[in-house]
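Enquirer: The following block contains the structure, expressed as structure tokens.
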Amino acid sequence: MGPLRWLPLLGQLLLLWPRAAQPAGPIRAFVVPHSHMDVGWVFTVQESMRAYAANVYTTVVAELVRGGQRRFIAVEQEFFRLWWDGVASEQQKQQVRQLLHEGRLEFVLGGQVMHDEAVTHLDDQILQLTEGHGFLYETFGIRPQFSWHVDPFGASATTPTLFALAGFNAHLISRIDYDLKDAMQEAQMLQFVWHGSPSLSGQQEIFTHVMDHYSYCTPSHIPFSNRSGFYWNGVAVFPEPPPDGVYPNMSEPVTGANIHLYAEALVANVKQRAAWFRTPHVLWPWGCDKQFFNASVQFDNMDPLLDYINQRTAQFGISVQYATLNDYFQALHATNMTWGIRDHQDFLPYSSEPLQAWTGFYTSRSTLKGLARQASALLYAGESMFTRYMWPDPSGTLDPTWALQQLQQLRWAVSEVQHHDAITGTESPKVKNMYTEHLRMGMLGVRKLMVSIALGGPPGSGTGAPKDIMGPQVTPVLSVDTRPVGYSASVYNPLAWKITTIITLTVAFPNVSVTDELGHPVSTQIQNSTKDPSAYDLLILTTIPGLNYRHYQVMHARGDQAGTRELVAPRANTLKFSLKLRNQPSQEGKRLVPVMNDCYILLFDQDTNMLHSIQDRQSNRTVRMTQEFLEYQANWDVKQGPISDNYLFAPNNTAEPSWEAVGMEMVAGTLVTDIRQYFYRYITDQEYIYSIHTRLAHPSLAGELLCQRIEQQYRVGPLDLNREAILRTSSDLNSQQVLYSDNNGYQMQRRPYKAFKSNPIPRNYYPMVQSAFIEDDKSRLVLLAERPHGVSSQGNGQVEVMLHRRLWNNLAWDLKYNLTLNDTSIVHPVLWLMLGPKSTMTALHPRSGVALQHGPVVLLKELADEETPVHGPHNPWPVTLPPNLHLQILSVPGWTYSRSHAQHLRNLQRGHPEKPQANLQRVLLRLRHLYEAGEDPVLSRPATVDLKVVLRGLGSVVAVEERSLTGTWDVQMLQRWHWSTKTDHLKGHPTSPPRPPGGSIITVYPKEIRTFFIKFQQ
């Protein structure tokens, strides 16, 4: 193991790497004071604010004012915003403005949080960055220019593109595979220019600095003391700061007796690090988790130490200075060195030691992961619905200020949960509950907003009661009493494409009639519910233009009324099969039951109750395919070996089947056929522990996206303790054990199986944020997910998805912070499967992933006996984009800053006696090209659209201004630093040139993301 395993990779990289050089002295150390402030993790946000976070900003500001040479970088915005709005005095606010102006306080990264890179979706990464950047720019007129991504557990290749588009000049990471980092240190390859996307030009690359193995914390061991070094304020105490100001583990104060020893320790560490880099400039991070809550004692000890070293530069061979990232990267950039290039590979998965693979968190707390994505999808729909309500003219009584507040609350919650100890599932239970509460409260507000828009009037108005709103993968439940009663259902399509799909409502009666807004009957199906044996699932076929509505009336059918025969939803037929044992002898493949549509024939084996094969009707190829649930067993005792926990995946052995018997039933109707498989852990069990509900839409339905997908929803749990559950799909595809999985729903990574000498199973697990696939020379099997999972290919033709984990161990760290993941929940994840020729799958894969993430939203209102159905808004002009272009956001952000940077700075200098009202006139539009260059002969072409035509339903477009990713830069003013590389990058297309404001015809190239402010005629 160790660095030798990476020699082939390093050999390839060195071809693009300049010859290593030893740093020319004297060494210049940049001491960067910082505090790593997790937005959650072990303690809630409010607990952290009370115990230490507020004191960080209060004391740092005071100490920076005291000493002109002092510096500090601030990273995540959530704690700072809470301090700014709820703690800071006017004097402190003015001091912050002055320190920012002087460059002694620097905001880096600037997002609401430091987001995880493995399991977060691109849309949500952009959201949380936009939230933080919007606040900083609106409040101070500043725009962060460097990243500080030091704690996410691995690094995604999406990040270089993301941060380049945000305007960053350099990027800093830390957690990459331990043996790769060791090898890169020895080869002086920790700094390079990273090309994030194979399709994009060098304008969307970024200079990247990988921290050495000391990472972002100051070395804690000093040879002359049994206390930690350089942590003079000690360790934060919860729930309250100690009244005497004495904290645990406070470093020995710097005195005349020990200052030389301190200096020797610091100098030795700087020199050790300098050998790992190509220049004499050394970044020396001073800080760690929850530091600088007493900045006075920190600086009062470091000041004399730095002075002591600088007075003896000739003796020590180094100089030291307080620095921000701008100071460090400016010095590095001024060397004009030629840097190596890293292509679009990521740094995933991440292992910190040989037996510590951080791949368990890809699945930990699956329920929270699912809720976070549901909240994101709801916010996405709510943003465009509110924008369509506001333009061209608000027609209802809705208060726009209240509406924007609901959206802002959910923006905050969705941004917060992207933190690297949030959606990852690596937080304590009470912090998980905090994230959940914030998400649910935000979703409730946006639900009220959407019901008000779609069903008319202010929140709660009208004679009928709004029932609820449901996003994708959530089924609304309608109940009735003995009176004739019905429901008005509005279905909103948040995508800028026309869609044909099936929505599901759960009702309490089998006789239902459904009509559209014109009173015409629609295609429906009713069947026994999968959730409640006393209820029924009502399926409705719907076709909806982009950013538009369909309205339906759902009534309890009474048969003949006044001579009119109601059209009742046809009832599906159910066929049940007897229970089958897993090890029961059978003549496999002799009694197959087909389920088919225009695209597929699914064959199920009556003798096993298992999927047998799938025929792709386009290519006429039949692929043998089985699916089953298995479990990995995890060790709980640290004395017995490696353990699994929230972070780590360390199975004892290969996965074993977790069931003894399986039942099956088929429910066939006019719209779909459902196949329901129930897996029992033991033959004597009355309750099943696992299930697969497979749905195939029928051939008469239009729409290739609907026909080409096999929808599956699973039930998993509750698990036995120390079990990690997977769904393994095995096929006869000759995949060569090569898996492809996505980075953040943006780009795919090739994942060949690696034969590690130790820990091979978990080190071959990868994050699947939205999709994964395996293929051979003829066919591709695609899996699409509505929440993150761990995914792996442990055998040829296999792909396994980890669905759930339940763990407890006796590791002292986990027990101290309650991080053992004893998750007793039942989870219901969804996957869509697609199988077909690679060309067909290439075309359908990106659009289908977006369709799963952003399904139609159903809004319901109960009707009284005589009440007329509410048909809600009708938008005559849909918003329609080409199939290779995705409407990533359409919103009214509410920012008050001027689009002119100079004017905005003048406004800030004048000051505002009161906070200005939100700007409801500015519309934010972001478009994303879904395809890689050369991926598809048609869909990989640049997409050209006229925004005046696309947005005509919102009004007359009078100006189009292109902005940076988070909206704070006019792209015509954005000039990022150029870092010289050995080879000119010839790959990628030329980025389309910015057009002057008002130019409405735009071209988006493969994988481009372009952001605009749109101005409509008043």
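Residue positions begin at 1 at the first shown residue.
Including glycine, each Cβ sits where the backbone N, Cα and C put it.
Pasting the relevant annotations from Swiss-Prot:
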- 1-21: signal peptide (SIGNAL)
- H36, D38, D151, H420: Zn(2+) binding site (BINDING)
- D151: active site, nucleophile (ACT_SITE)
- N226: N-linked glycosylation site (CARBOHYD)
- N249: N-linked glycosylation site (CARBOHYD)
- N294: N-linked glycosylation site (CARBOHYD)
- N336: N-linked glycosylation site (CARBOHYD)
- N511: N-linked glycosylation site (CARBOHYD)
- N528: N-linked glycosylation site (CARBOHYD)
- N620: N-linked glycosylation site (CARBOHYD)
- N652: N-linked glycosylation site (CARBOHYD)
- N818: N-linked glycosylation site (CARBOHYD)
- N822: N-linked glycosylation site (CARBOHYD)
Enquirer: Let me spell it out: for each of the glycosylation sites (N249, N336), count the other Cβ atoms within 10 Å of that residue's Cβ, using every protein chain shown. Which one has the most?
Expert: N249
Enquirer: At 10 angstroms around each C-beta, which of the binding-site residues D38, D151 has the fewest other C-beta atoms nearby?
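Expert: Fewest other Cβ atoms within 10 Å, among the binding-site residues D38, D151, is found for D151.
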Enquirer: Which whole-number value in Å describes the distance between the Cα atoms of N226 (N-linked glycosylation site) and N528 (N-linked glycosylation site)?
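Expert: About 69 Å separate the Cα atoms of these two residues.
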Enquirer: On a count of neighbouring CB atoms within 10 A, which of the binding-site residues H36, H420 is highest?
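Expert: Buried the deepest by this measure is H420.
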Enquirer: Which residues, same chain and not among H36, D38, D151, H420, have a CB within 8 angstroms of the centroid of the CB atoms at the recorded Zn(2+) site?
Expert: M37, W41, M114, V150, P152, D289, H419, D421
Enquirer: May I ask you to report the DSSP-based helix, strand or coil state of H36 (Zn(2+) binding site)?
Expert: strand
Enquirer: Given the glycosylation sites N294, N620, N818, N822, which one has the fewest other C-beta atoms within 10 angstroms of its C-beta?
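Expert: With the glycosylation sites N294, N620, N818, N822, fewest surrounding Cβ atoms within 10 Å: N620.
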Enquirer: For N226 (N-linked glycosylation site), just count the other CB atoms lying within 10 A of its CB, please.
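Expert: Cβ-Cβ neighbours of N226 (N-linked glycosylation site) within 10 Å number 7.
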Enquirer: Reduce the DSSP letter at N620 (N-linked glycosylation site) to three states and note it down.
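Expert: DSSP call for N620 (N-linked glycosylation site): coil, neither helix nor strand.
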Enquirer: How big is the gap, in Å, between the Cα of H420 (Zn(2+) binding site) and that of N822 (N-linked glycosylation site), rounded to a whole number?
Expert: 20
Enquirer: Select the closest residue to N652 (N-linked glycosylation site) from the following recorded positions, measuring between CA atoms: H36, N294, N528, N818, N822.
Expert: N822
Enquirer: Distance between H36 (Zn(2+) binding site) and N528 (N-linked glycosylation site) at the Cα atoms, whole Å?
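Expert: Each residue's Cα considered, H36 (Zn(2+) binding site) and N528 (N-linked glycosylation site) end up 52 Å apart.
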